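Can you keep this structure in mind? I'll have questions shortly.
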Amino acid sequence: MVGEEKMSLRNRLSKSRENPEEDEDQRKPAKESLEAPSNGRIDIKQLIAKKIKLTAEAEELKPFFMKEVGSHFDDFVTNLIEKSASLDNGGCALTTFSILEGEKNNHRAKDLRAPPEQGKIFIARRSLLDELLEVDHIRTIYHMFIALLILFILSTLVVDYIDEGRLVLEFSLLSYAFGKFPTVVWTWWIMFLSTFSVPYFLFQRWATGYSKSSHPLINSLFHGFLFMVFQIGILGFGPTYVVLAYTLPPASRFIIIFEQIRFVMKAHSFVRENVPRVLNSAKEKSSTVPIPTVNQYLYFLFAPTLIYRDSYPRNPTVRWGYVAMQFAQVFGCFFYVYYIFERLCAPLFRNIKQEPFSARVLVLCVFNSILPGVLILFLTFFAFLHCWLNAFAEMLRFGDRMFYKDWWNSTSYSNYYRTWNVVVHDWLYYYAYKDFLWFFSKRFKSAAMLAAFAVSAVVHEYALAVCLSFFYPVLFVLFMFFGMAFNFIVNDSRKKPIWNVMMWTSLFLGNGVLLCFYSQEWYARQHCPLKNPTFLDYVRPRSWTCRYVF
(Lines of atoms letter the chains of each structure in order from A; the text may use other names.)
(Lines give C-alpha, C1' and ligand atoms only; values in the text may rest on other atoms or scores of the structure.)
Protein backbone atom coordinates (compact mmCIF):
# COMPACT_ATOMS: atom_id res chain seq x y z
CA MET A 1 0.00 0.00 0.00
CA VAL A 2 2.77 2.35 0.95
CA GLY A 3 4.70 1.34 -2.15
CA GLU A 4 1.73 2.15 -4.40
CA GLU A 5 1.26 5.57 -2.79
CA LYS A 6 4.98 6.21 -3.13
CA MET A 7 4.93 5.27 -6.86
CA SER A 8 1.90 7.45 -7.52
CA LEU A 9 3.61 10.32 -5.73
CA ARG A 10 6.73 9.89 -7.87
CA ASN A 11 4.62 9.63 -11.03
CA ARG A 12 2.88 12.91 -10.21
CA LEU A 13 6.21 14.59 -9.55
CA SER A 14 7.73 13.24 -12.78
CA LYS A 15 4.71 14.34 -14.82
CA SER A 16 4.89 17.80 -13.33
CA ARG A 17 8.57 18.02 -14.31
CA GLU A 18 7.90 16.77 -17.86
CA ASN A 19 5.01 19.20 -18.56
CA PRO A 20 5.76 22.41 -16.69
CA GLU A 21 3.65 24.50 -19.11
CA GLU A 22 0.55 22.34 -18.63
CA ASP A 23 1.05 22.38 -14.91
CA GLU A 24 1.33 26.15 -14.92
CA ASP A 25 -1.81 26.43 -17.08
CA GLN A 26 -3.66 24.23 -14.60
CA ARG A 27 -2.49 26.32 -11.68
CA LYS A 28 -3.59 29.64 -13.21
CA PRO A 29 -7.38 28.97 -13.21
CA ALA A 30 -7.17 27.76 -9.62
CA LYS A 31 -5.17 30.81 -8.65
CA GLU A 32 -7.58 33.12 -10.46
CA SER A 33 -10.58 31.44 -8.84
CA LEU A 34 -8.94 31.82 -5.45
CA GLU A 35 -8.18 35.47 -6.00
CA ALA A 36 -11.53 36.26 -7.67
CA PRO A 37 -13.44 38.54 -5.36
CA SER A 38 -16.99 37.70 -4.40
CA ASN A 39 -18.79 40.97 -3.66
CA GLY A 40 -15.40 42.60 -3.09
CA ARG A 41 -14.21 39.92 -0.62
CA ILE A 42 -12.12 36.70 -0.93
CA ASP A 43 -14.09 33.52 -0.30
CA ILE A 44 -12.83 32.65 3.18
CA LYS A 45 -14.34 29.14 3.17
CA GLN A 46 -12.55 28.30 -0.07
CA LEU A 47 -9.26 29.60 1.34
CA ILE A 48 -9.63 27.51 4.51
CA ALA A 49 -10.52 24.40 2.49
CA LYS A 50 -7.46 24.94 0.29
CA LYS A 51 -5.23 25.32 3.35
CA ILE A 52 -6.61 22.12 4.92
CA LYS A 53 -6.04 20.24 1.68
CA LEU A 54 -2.43 21.44 1.44
CA THR A 55 -1.83 20.47 5.08
CA ALA A 56 -3.23 16.98 4.45
CA GLU A 57 -1.00 16.53 1.40
CA ALA A 58 2.02 17.67 3.40
CA GLU A 59 1.21 15.15 6.15
CA GLU A 60 0.98 12.41 3.50
CA LEU A 61 4.37 13.35 2.11
CA LYS A 62 6.03 13.61 5.53
CA PRO A 63 6.52 9.85 6.28
CA PHE A 64 7.82 9.18 2.76
CA PHE A 65 10.26 12.05 3.08
CA MET A 66 11.49 10.96 6.52
CA LYS A 67 11.85 7.35 5.35
CA GLU A 68 13.91 8.41 2.32
CA VAL A 69 16.13 10.66 4.45
CA GLY A 70 16.64 7.90 7.03
CA SER A 71 17.50 5.34 4.36
CA HIS A 72 20.06 7.63 2.73
CA PHE A 73 21.56 8.49 6.12
CA ASP A 74 21.90 4.79 7.07
CA ASP A 75 23.61 4.06 3.74
CA PHE A 76 25.96 6.99 4.26
CA VAL A 77 26.97 5.89 7.77
CA THR A 78 27.42 2.25 6.67
CA ASN A 79 29.67 3.27 3.77
CA LEU A 80 31.64 5.55 6.07
CA ILE A 81 32.27 2.71 8.56
CA GLU A 82 33.32 0.35 5.76
CA LYS A 83 35.76 2.90 4.37
CA SER A 84 37.16 3.51 7.85
CA ALA A 85 37.67 -0.22 8.34
CA SER A 86 39.44 -0.59 5.00
CA LEU A 87 41.84 2.21 5.93
CA ASP A 88 42.63 0.74 9.36
CA ASN A 89 46.31 0.22 10.20
CA GLY A 90 47.44 2.82 7.72
CA GLY A 91 45.90 1.09 4.75
CA CYS A 92 47.70 -2.20 5.38
CA ALA A 93 44.53 -4.16 6.10
CA LEU A 94 43.02 -6.38 3.45
CA THR A 95 40.13 -4.83 1.60
CA THR A 96 36.91 -6.67 0.96
CA PHE A 97 37.72 -6.83 -2.75
CA SER A 98 41.10 -8.46 -2.17
CA ILE A 99 39.57 -11.04 0.17
CA LEU A 100 36.91 -11.95 -2.39
CA GLU A 101 39.54 -12.24 -5.12
CA GLY A 102 41.61 -14.54 -2.91
CA GLU A 103 38.60 -16.73 -2.20
CA LYS A 104 38.11 -17.29 -5.92
CA ASN A 105 41.65 -18.65 -6.18
CA ASN A 106 41.44 -20.80 -3.06
CA HIS A 107 38.14 -22.50 -2.30
CA ARG A 108 39.14 -23.72 1.13
CA ALA A 109 40.45 -20.24 1.99
CA LYS A 110 42.31 -21.42 5.09
CA ASP A 111 45.05 -18.84 4.55
CA LEU A 112 42.49 -16.08 4.36
CA ARG A 113 41.41 -16.18 7.99
CA ALA A 114 40.86 -12.51 8.73
CA PRO A 115 43.43 -10.96 11.05
CA PRO A 116 42.09 -9.36 14.23
CA GLU A 117 41.63 -5.92 12.71
CA GLN A 118 39.38 -7.37 10.01
CA GLY A 119 36.92 -8.95 12.44
CA LYS A 120 34.56 -6.98 14.64
CA ILE A 121 35.01 -3.22 14.34
CA PHE A 122 34.67 -1.30 17.59
CA ILE A 123 33.46 2.28 17.35
CA ALA A 124 32.36 4.74 20.04
CA ARG A 125 28.56 4.63 20.33
CA ARG A 126 25.92 4.73 23.03
CA SER A 127 23.57 1.97 24.05
CA LEU A 128 20.22 2.08 22.32
CA LEU A 129 18.18 2.39 25.52
CA ASP A 130 20.26 5.37 26.65
CA GLU A 131 19.18 7.14 23.48
CA LEU A 132 15.57 5.95 23.62
CA LEU A 133 15.10 6.93 27.28
CA GLU A 134 15.75 10.55 26.30
CA VAL A 135 12.42 10.42 24.45
CA ASP A 136 9.53 11.24 26.80
CA HIS A 137 7.25 8.59 25.31
CA ILE A 138 9.78 5.79 25.93
CA ARG A 139 10.69 7.11 29.37
CA THR A 140 7.03 6.85 30.35
CA ILE A 141 7.23 3.07 29.82
CA TYR A 142 10.23 3.05 32.18
CA HIS A 143 8.14 4.97 34.73
CA MET A 144 5.33 2.43 34.34
CA PHE A 145 7.68 -0.39 35.35
CA ILE A 146 8.76 1.62 38.41
CA ALA A 147 5.09 2.18 39.31
CA LEU A 148 4.47 -1.57 38.99
CA LEU A 149 7.38 -2.25 41.36
CA ILE A 150 5.88 0.17 43.89
CA LEU A 151 2.57 -1.69 43.67
CA PHE A 152 4.32 -5.03 44.21
CA ILE A 153 6.02 -3.63 47.32
CA LEU A 154 2.77 -2.17 48.67
CA SER A 155 0.91 -5.41 47.98
CA THR A 156 3.53 -7.45 49.84
CA LEU A 157 3.61 -5.08 52.81
CA VAL A 158 -0.19 -4.91 53.11
CA VAL A 159 -0.66 -8.68 52.87
CA ASP A 160 2.10 -9.30 55.41
CA TYR A 161 0.57 -6.73 57.76
CA ILE A 162 -2.85 -8.39 57.49
CA ASP A 163 -1.40 -11.89 58.03
CA GLU A 164 1.21 -11.08 60.69
CA GLY A 165 -0.22 -7.93 62.27
CA ARG A 166 3.06 -6.11 61.58
CA LEU A 167 5.26 -4.97 58.71
CA VAL A 168 7.53 -7.82 57.61
CA LEU A 169 10.73 -6.54 55.97
CA GLU A 170 12.51 -9.87 55.73
CA PHE A 171 13.90 -10.86 52.34
CA SER A 172 14.19 -14.56 53.07
CA LEU A 173 14.19 -15.59 49.41
CA LEU A 174 17.05 -13.21 48.54
CA SER A 175 19.10 -14.19 51.57
CA TYR A 176 18.65 -17.87 50.69
CA ALA A 177 19.43 -17.44 46.98
CA PHE A 178 22.68 -15.55 47.65
CA GLY A 179 23.76 -17.64 50.62
CA LYS A 180 27.35 -18.77 51.31
CA PHE A 181 28.63 -15.68 49.53
CA PRO A 182 32.19 -15.84 50.99
CA THR A 183 32.64 -19.11 49.07
CA VAL A 184 31.59 -17.28 45.91
CA VAL A 185 34.16 -14.54 46.55
CA TRP A 186 37.21 -16.76 47.05
CA THR A 187 36.18 -19.01 44.16
CA TRP A 188 35.93 -15.98 41.88
CA TRP A 189 39.38 -14.76 42.94
CA ILE A 190 40.92 -18.14 42.13
CA MET A 191 39.23 -18.18 38.70
CA PHE A 192 40.32 -14.62 37.96
CA LEU A 193 43.95 -15.04 39.04
CA SER A 194 44.31 -18.30 37.12
CA THR A 195 42.75 -16.79 33.97
CA PHE A 196 44.94 -13.73 34.32
CA SER A 197 48.19 -15.67 34.70
CA VAL A 198 48.03 -19.06 32.96
CA PRO A 199 46.80 -18.16 29.42
CA TYR A 200 49.06 -15.10 29.23
CA PHE A 201 52.10 -17.04 30.49
CA LEU A 202 51.51 -19.93 28.07
CA PHE A 203 50.97 -17.61 25.11
CA GLN A 204 54.02 -15.48 25.92
CA ARG A 205 56.21 -18.56 26.33
CA TRP A 206 54.98 -20.04 23.03
CA ALA A 207 55.22 -16.76 21.09
CA THR A 208 58.79 -15.97 22.17
CA GLY A 209 60.04 -19.48 21.40
CA TYR A 210 58.07 -20.25 18.23
CA SER A 211 60.43 -18.68 15.68
CA LYS A 212 63.52 -19.98 17.51
CA SER A 213 62.26 -23.54 17.96
CA SER A 214 63.67 -26.29 15.75
CA HIS A 215 60.33 -28.12 16.02
CA PRO A 216 57.68 -25.37 15.94
CA LEU A 217 54.79 -27.78 15.33
CA ILE A 218 55.61 -29.92 18.37
CA ASN A 219 56.15 -26.77 20.43
CA SER A 220 52.75 -25.44 19.34
CA LEU A 221 50.96 -28.73 20.06
CA PHE A 222 52.54 -28.93 23.51
CA HIS A 223 51.47 -25.41 24.52
CA GLY A 224 48.06 -25.91 22.92
CA PHE A 225 47.60 -29.08 24.97
CA LEU A 226 48.52 -27.22 28.18
CA PHE A 227 46.04 -24.48 27.30
CA MET A 228 43.27 -27.02 26.73
CA VAL A 229 44.09 -28.69 30.07
CA PHE A 230 43.72 -25.30 31.73
CA GLN A 231 40.44 -24.52 29.96
CA ILE A 232 38.83 -27.90 30.61
CA GLY A 233 40.51 -28.99 33.82
CA ILE A 234 41.01 -25.85 35.90
CA LEU A 235 38.34 -23.49 34.55
CA GLY A 236 36.02 -26.31 33.53
CA PHE A 237 35.90 -28.78 36.42
CA GLY A 238 37.23 -26.58 39.23
CA PRO A 239 34.30 -24.15 39.68
CA THR A 240 31.78 -26.92 39.01
CA TYR A 241 33.31 -29.02 41.78
CA VAL A 242 33.16 -26.09 44.22
CA VAL A 243 29.50 -25.42 43.39
CA LEU A 244 28.49 -29.04 43.94
CA ALA A 245 30.79 -29.86 46.86
CA TYR A 246 29.77 -26.81 48.89
CA THR A 247 26.06 -27.16 47.91
CA LEU A 248 25.73 -23.49 47.10
CA PRO A 249 22.23 -21.98 46.66
CA PRO A 250 20.99 -21.12 43.13
CA ALA A 251 21.98 -17.44 42.77
CA SER A 252 25.47 -18.05 44.18
CA ARG A 253 25.86 -20.91 41.72
CA PHE A 254 24.80 -18.70 38.82
CA ILE A 255 27.47 -16.14 39.69
CA ILE A 256 30.26 -18.74 39.70
CA ILE A 257 29.08 -20.60 36.59
CA PHE A 258 28.50 -17.46 34.53
CA GLU A 259 31.91 -16.11 35.51
CA GLN A 260 33.43 -19.48 34.66
CA ILE A 261 31.89 -19.34 31.17
CA ARG A 262 32.97 -15.71 30.73
CA PHE A 263 36.59 -16.45 31.63
CA VAL A 264 36.70 -19.47 29.30
CA MET A 265 35.37 -17.37 26.40
CA LYS A 266 37.76 -14.49 27.11
CA ALA A 267 40.81 -16.76 27.36
CA HIS A 268 39.86 -18.41 24.07
CA SER A 269 39.44 -15.04 22.35
CA PHE A 270 42.80 -13.78 23.62
CA VAL A 271 44.66 -16.80 22.26
CA ARG A 272 42.58 -17.02 19.06
CA GLU A 273 43.18 -13.39 18.10
CA ASN A 274 46.91 -13.31 18.89
CA VAL A 275 48.15 -16.65 17.53
CA PRO A 276 47.67 -15.62 13.84
CA ARG A 277 49.67 -12.45 14.49
CA VAL A 278 52.63 -14.46 15.81
CA LEU A 279 52.41 -16.90 12.88
CA ASN A 280 52.37 -14.04 10.37
CA SER A 281 55.28 -12.38 12.16
CA ALA A 282 57.31 -15.61 11.96
CA LYS A 283 56.40 -16.07 8.30
CA GLU A 284 57.60 -12.55 7.52
CA LYS A 285 60.73 -13.14 9.68
CA SER A 286 60.05 -10.01 11.68
CA SER A 287 62.49 -9.07 14.44
CA THR A 288 59.67 -8.21 16.86
CA VAL A 289 57.06 -10.60 18.20
CA PRO A 290 53.56 -9.05 18.62
CA ILE A 291 52.85 -9.95 22.26
CA PRO A 292 50.19 -7.87 24.05
CA THR A 293 51.16 -6.22 27.30
CA VAL A 294 49.88 -7.37 30.68
CA ASN A 295 47.84 -4.17 31.00
CA GLN A 296 46.12 -4.81 27.67
CA TYR A 297 45.16 -8.33 28.72
CA LEU A 298 44.01 -7.17 32.17
CA TYR A 299 41.84 -4.45 30.61
CA PHE A 300 40.28 -7.04 28.30
CA LEU A 301 39.37 -9.32 31.23
CA PHE A 302 37.16 -6.58 32.68
CA ALA A 303 36.00 -4.91 29.45
CA PRO A 304 32.36 -5.63 28.48
CA THR A 305 33.28 -7.56 25.34
CA LEU A 306 34.35 -11.11 24.49
CA ILE A 307 36.43 -10.12 21.44
CA TYR A 308 40.07 -9.28 22.21
CA ARG A 309 41.73 -6.17 20.78
CA ASP A 310 44.94 -4.43 21.80
CA SER A 311 42.97 -1.21 22.15
CA TYR A 312 39.36 -0.08 22.08
CA PRO A 313 37.70 3.31 21.53
CA ARG A 314 37.77 5.12 24.87
CA ASN A 315 35.68 7.95 26.27
CA PRO A 316 37.58 10.93 27.71
CA THR A 317 36.01 10.93 31.20
CA VAL A 318 34.11 8.74 33.65
CA ARG A 319 30.62 9.83 34.73
CA TRP A 320 30.47 8.43 38.24
CA GLY A 321 26.88 9.55 38.68
CA TYR A 322 25.95 7.45 35.65
CA VAL A 323 27.82 4.45 37.13
CA ALA A 324 25.99 4.80 40.45
CA MET A 325 22.65 5.02 38.63
CA GLN A 326 23.33 1.84 36.65
CA PHE A 327 24.27 -0.16 39.75
CA ALA A 328 21.22 1.23 41.57
CA GLN A 329 19.02 0.00 38.72
CA VAL A 330 20.68 -3.44 38.90
CA PHE A 331 19.83 -3.73 42.59
CA GLY A 332 16.34 -2.43 41.85
CA CYS A 333 15.89 -5.23 39.30
CA PHE A 334 17.00 -7.80 41.90
CA PHE A 335 14.27 -6.62 44.27
CA TYR A 336 11.82 -6.50 41.37
CA VAL A 337 12.48 -10.18 40.57
CA TYR A 338 12.16 -10.98 44.29
CA TYR A 339 8.69 -9.42 44.45
CA ILE A 340 7.66 -11.16 41.22
CA PHE A 341 8.55 -14.52 42.74
CA GLU A 342 6.95 -13.54 46.03
CA ARG A 343 3.64 -12.23 44.63
CA LEU A 344 3.21 -14.10 41.31
CA CYS A 345 5.22 -17.32 41.39
CA ALA A 346 5.07 -18.59 44.97
CA PRO A 347 1.24 -18.49 45.23
CA LEU A 348 0.95 -20.18 41.85
CA PHE A 349 3.19 -23.11 42.69
CA ARG A 350 1.82 -23.45 46.22
CA ASN A 351 -1.54 -24.26 44.62
CA ILE A 352 -0.05 -26.48 41.92
CA LYS A 353 1.73 -28.75 44.37
CA GLN A 354 -1.63 -29.68 45.91
CA GLU A 355 -2.78 -31.32 42.67
CA PRO A 356 -1.40 -34.39 40.87
CA PHE A 357 0.48 -33.89 37.64
CA SER A 358 -1.92 -33.74 34.66
CA ALA A 359 -2.30 -32.06 31.28
CA ARG A 360 -4.81 -29.55 32.69
CA VAL A 361 -2.48 -28.55 35.53
CA LEU A 362 0.40 -28.23 33.08
CA VAL A 363 -1.51 -26.02 30.61
CA LEU A 364 -2.80 -23.74 33.37
CA CYS A 365 0.68 -23.53 34.83
CA VAL A 366 2.22 -22.52 31.49
CA PHE A 367 -0.28 -19.74 30.81
CA ASN A 368 -0.19 -18.47 34.40
CA SER A 369 3.61 -18.37 34.18
CA ILE A 370 3.70 -16.19 31.07
CA LEU A 371 3.34 -12.84 32.89
CA PRO A 372 6.05 -13.44 35.52
CA GLY A 373 8.24 -15.12 32.89
CA VAL A 374 8.06 -12.12 30.56
CA LEU A 375 8.70 -9.66 33.40
CA ILE A 376 11.77 -11.66 34.44
CA LEU A 377 12.94 -11.66 30.80
CA PHE A 378 12.67 -7.86 30.57
CA LEU A 379 14.34 -7.34 33.94
CA THR A 380 17.20 -9.72 33.10
CA PHE A 381 17.81 -7.92 29.83
CA PHE A 382 17.68 -4.48 31.41
CA ALA A 383 19.74 -5.37 34.50
CA PHE A 384 22.56 -7.24 32.78
CA LEU A 385 22.76 -6.29 29.10
CA HIS A 386 22.07 -2.61 29.74
CA CYS A 387 22.83 -1.54 33.32
CA TRP A 388 25.61 -3.93 34.36
CA LEU A 389 27.57 -3.77 31.10
CA ASN A 390 27.15 -0.01 30.80
CA ALA A 391 28.36 0.48 34.38
CA PHE A 392 31.61 -1.38 33.70
CA ALA A 393 31.95 0.27 30.29
CA GLU A 394 31.67 3.68 31.92
CA MET A 395 34.20 2.87 34.65
CA LEU A 396 36.67 1.59 32.03
CA ARG A 397 35.81 4.42 29.58
CA PHE A 398 34.93 1.69 27.06
CA GLY A 399 33.45 3.51 24.06
CA ASP A 400 31.49 0.86 22.15
CA ARG A 401 28.25 0.36 24.09
CA MET A 402 26.37 -1.68 21.46
CA PHE A 403 25.67 -4.63 23.76
CA TYR A 404 22.31 -5.26 22.09
CA LYS A 405 20.27 -3.92 19.20
CA ASP A 406 16.55 -3.35 18.68
CA TRP A 407 15.63 -7.01 19.18
CA TRP A 408 12.07 -6.00 20.12
CA ASN A 409 11.46 -4.99 16.48
CA SER A 410 12.53 -8.38 15.12
CA THR A 411 10.25 -10.04 12.59
CA SER A 412 12.36 -13.21 12.46
CA TYR A 413 14.15 -15.38 14.97
CA SER A 414 17.39 -15.13 13.04
CA ASN A 415 17.35 -11.37 13.58
CA TYR A 416 16.33 -11.84 17.22
CA TYR A 417 19.30 -14.12 17.89
CA ARG A 418 21.65 -11.57 16.31
CA THR A 419 20.32 -8.57 18.23
CA TRP A 420 19.27 -9.86 21.67
CA ASN A 421 22.82 -10.31 23.04
CA VAL A 422 25.42 -8.82 20.70
CA VAL A 423 28.28 -9.57 23.12
CA VAL A 424 27.75 -13.35 23.04
CA HIS A 425 26.60 -13.36 19.42
CA ASP A 426 29.89 -11.79 18.30
CA TRP A 427 31.87 -14.54 20.05
CA LEU A 428 29.72 -17.30 18.53
CA TYR A 429 29.84 -15.68 15.09
CA TYR A 430 33.63 -15.29 14.91
CA TYR A 431 34.82 -18.32 16.88
CA ALA A 432 32.11 -20.91 16.24
CA TYR A 433 30.46 -19.99 12.92
CA LYS A 434 33.32 -18.30 11.02
CA ASP A 435 36.03 -20.67 12.26
CA PHE A 436 33.86 -23.65 11.33
CA LEU A 437 33.59 -22.29 7.78
CA TRP A 438 37.32 -21.57 7.68
CA PHE A 439 38.19 -25.09 8.79
CA PHE A 440 35.63 -27.16 6.88
CA SER A 441 35.08 -24.97 3.78
CA LYS A 442 32.54 -22.26 3.15
CA ARG A 443 30.06 -24.61 1.50
CA PHE A 444 28.76 -25.87 4.86
CA LYS A 445 27.01 -22.75 6.10
CA SER A 446 24.03 -24.65 7.48
CA ALA A 447 26.35 -26.99 9.38
CA ALA A 448 28.26 -23.99 10.73
CA MET A 449 25.02 -22.42 11.93
CA LEU A 450 24.02 -25.71 13.54
CA ALA A 451 27.41 -25.87 15.31
CA ALA A 452 26.97 -22.35 16.70
CA PHE A 453 23.45 -23.22 17.91
CA ALA A 454 24.72 -26.44 19.48
CA VAL A 455 27.49 -24.65 21.40
CA SER A 456 25.05 -22.06 22.72
CA ALA A 457 22.37 -24.62 23.63
CA VAL A 458 24.81 -26.95 25.42
CA VAL A 459 26.35 -24.12 27.45
CA HIS A 460 22.93 -22.77 28.46
CA GLU A 461 21.76 -26.23 29.51
CA TYR A 462 25.01 -26.88 31.40
CA ALA A 463 24.55 -23.65 33.37
CA LEU A 464 20.95 -24.49 34.28
CA ALA A 465 21.73 -28.11 35.19
CA VAL A 466 24.57 -27.16 37.54
CA CYS A 467 22.77 -24.18 39.07
CA LEU A 468 19.48 -26.01 39.70
CA SER A 469 21.06 -29.38 40.64
CA PHE A 470 19.01 -31.34 38.13
CA PHE A 471 19.06 -32.03 34.41
CA TYR A 472 15.79 -31.10 32.73
CA PRO A 473 16.53 -30.17 29.09
CA VAL A 474 13.48 -27.98 28.45
CA LEU A 475 15.61 -25.03 27.36
CA PHE A 476 17.75 -27.28 25.17
CA VAL A 477 14.68 -28.64 23.38
CA LEU A 478 13.16 -25.18 22.88
CA PHE A 479 16.44 -23.64 21.78
CA MET A 480 17.97 -26.44 19.72
CA PHE A 481 14.87 -27.79 18.01
CA PHE A 482 12.15 -25.13 17.94
CA GLY A 483 14.68 -22.29 17.85
CA MET A 484 16.58 -23.87 14.96
CA ALA A 485 13.36 -24.57 13.06
CA PHE A 486 12.09 -21.01 13.52
CA ASN A 487 15.51 -19.70 12.50
CA PHE A 488 15.15 -21.32 9.08
CA ILE A 489 11.37 -20.99 8.63
CA VAL A 490 10.83 -17.49 10.02
CA ASN A 491 13.89 -16.01 8.35
CA ASP A 492 14.94 -12.48 7.41
CA SER A 493 12.63 -12.41 4.38
CA ARG A 494 9.67 -11.95 6.75
CA LYS A 495 9.26 -8.21 7.15
CA LYS A 496 5.55 -7.65 7.80
CA PRO A 497 4.37 -6.53 11.27
CA ILE A 498 2.42 -9.76 11.74
CA TRP A 499 5.73 -11.62 12.05
CA ASN A 500 6.76 -9.33 14.89
CA VAL A 501 3.49 -10.27 16.61
CA MET A 502 4.22 -13.96 16.01
CA MET A 503 7.74 -13.55 17.37
CA TRP A 504 6.48 -11.90 20.56
CA THR A 505 3.73 -14.52 20.99
CA SER A 506 6.16 -17.42 20.75
CA LEU A 507 8.66 -15.60 22.99
CA PHE A 508 6.00 -15.05 25.67
CA LEU A 509 4.86 -18.67 25.44
CA GLY A 510 8.42 -19.98 25.58
CA ASN A 511 9.20 -18.03 28.75
CA GLY A 512 6.01 -19.33 30.33
CA VAL A 513 7.01 -22.90 29.47
CA LEU A 514 10.50 -22.44 30.93
CA LEU A 515 9.31 -20.90 34.19
CA CYS A 516 6.53 -23.46 34.64
CA PHE A 517 8.57 -26.60 33.92
CA TYR A 518 11.66 -25.64 35.90
CA SER A 519 9.63 -24.37 38.87
CA GLN A 520 7.52 -27.53 38.94
CA GLU A 521 10.63 -29.67 38.88
CA TRP A 522 12.24 -27.59 41.64
CA TYR A 523 9.20 -27.93 43.93
CA ALA A 524 8.90 -31.65 43.15
CA ARG A 525 12.49 -32.28 44.21
CA GLN A 526 11.96 -30.26 47.39
CA HIS A 527 8.81 -32.15 48.42
CA CYS A 528 9.68 -35.60 47.07
CA PRO A 529 13.33 -36.13 48.03
CA LEU A 530 15.03 -39.49 47.53
CA LYS A 531 17.09 -41.09 50.29
CA ASN A 532 19.84 -42.55 48.09
CA PRO A 533 19.57 -40.90 44.66
CA THR A 534 21.46 -42.44 41.77
CA PHE A 535 22.79 -40.66 38.72
CA LEU A 536 19.60 -41.46 36.79
CA ASP A 537 17.56 -39.74 39.49
CA TYR A 538 19.29 -36.45 38.63
CA VAL A 539 18.31 -36.71 34.96
CA ARG A 540 14.84 -38.27 35.39
CA PRO A 541 12.06 -35.63 35.80
CA ARG A 542 10.69 -35.87 39.35
CA SER A 543 7.64 -33.68 38.66
CA TRP A 544 6.11 -36.35 36.40
CA THR A 545 5.86 -38.96 39.15
CA CYS A 546 5.94 -36.99 42.41
CA ARG A 547 2.79 -37.04 44.56
CA TYR A 548 2.94 -34.38 47.23
CA VAL A 549 2.38 -35.52 50.81
CA PHE A 550 1.13 -33.06 53.46
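Note: Cβ is positioned from N, Cα and C throughout, glycine not excepted.
For 1-138, 207-218, 277-319, 396-443, 491-496, the entry in Swiss-Prot reads topological domain 'Cytoplasmic', with the evidence type a curator's inference. Swiss-Prot lists MET1 with the feature N-acetylmethionine, giving similarity to another entry as the kind of evidence. Per Swiss-Prot, the feature phosphoserine maps to SER8. Residues or ranges marked as compositional bias 'Basic and acidic residues' in Swiss-Prot: 15-34. If you look up Swiss-Prot, you'll see HIS137 marked as cholesterol binding site, on the strength of similarity to another entry. What Swiss-Prot lists as topological domain 'Lumenal' is 161-180, 245-252, 353-369, 469-474, 529-550, and the listing cites a curator's inference. Annotation source Swiss-Prot lists motif 'FYXDWWN motif' at 403-409. The feature acyl-CoA binding site is assigned by Swiss-Prot to ASN415, ARG418, ASN421, HIS425, TYR433, LYS445, SER456, with similarity to another entry given as support. Sequence annotations record features per position, and here Swiss-Prot assigns active site to HIS460 based on similarity to another entry.
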Fewest other CB within 10 angstroms, which one of the recorded positions HIS137, ARG418, HIS425, LYS445, HIS460?
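If we count Cβ atoms within 10 Å for the recorded positions HIS137, ARG418, HIS425, LYS445, HIS460, the smallest count is at HIS137.
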Do any residues, 6 or more residues outside the topological domain 'Cytoplasmic' (207-218), come within under 8 Å Cβ-to-Cβ of it, and if so which ones?
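Same-chain residues near the topological domain 'Cytoplasmic' (207-218) but 6 or more away: 274, 278-279, 281-282, 285, 289-291.
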What same-chain residues lie close to the topological domain 'Cytoplasmic' (277-319): Cβ under 8 Å, and 6 or more beyond its ends?
115-116, 119-120, 122-124, 192, 195-196, 200, 203-204, 206-208, 210-211, 216, 262-263, 265-266, 269-270, 389-390, 392-400, 403, 423-424, 426-427, 430
Would you count the other C-beta atoms found within 10 angstroms of the C-beta of ASN421 (acyl-CoA binding site) for me?
19
I'm trying to understand the geometry here, so how far is the Cα atom of ASN415 (acyl-CoA binding site) from the Cα atom of the residue listed as 'active site', in Å to the nearest whole number?
20
Determine how many residues of the topological domain 'Cytoplasmic' (207-218) DSSP places in helix, in strand and in coil.
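Once the DSSP states are binned, the topological domain 'Cytoplasmic' (207-218) shows 7 helix, 0 strand, 5 coil.
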Under a criterion of Cβ-Cβ distance under 8 Å and sequence separation of at least 6, what residues of the same chain contact TYR433 (acyl-CoA binding site)?
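The list for TYR433 (acyl-CoA binding site) reads ALA448, MET449, ALA451, ALA452, given in order along the sequence.
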What are the non-local neighbours of SER456 (acyl-CoA binding site), defined as same-chain residues 6+ apart in sequence with CB under 8 A from its CB?
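Correct list: VAL424, LEU428, PHE479.
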Looking at the topological domain 'Lumenal' (529-550) alone, can you tell me the average pLDDT?
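Value for the topological domain 'Lumenal' (529-550), mean pLDDT as a whole number: 72.
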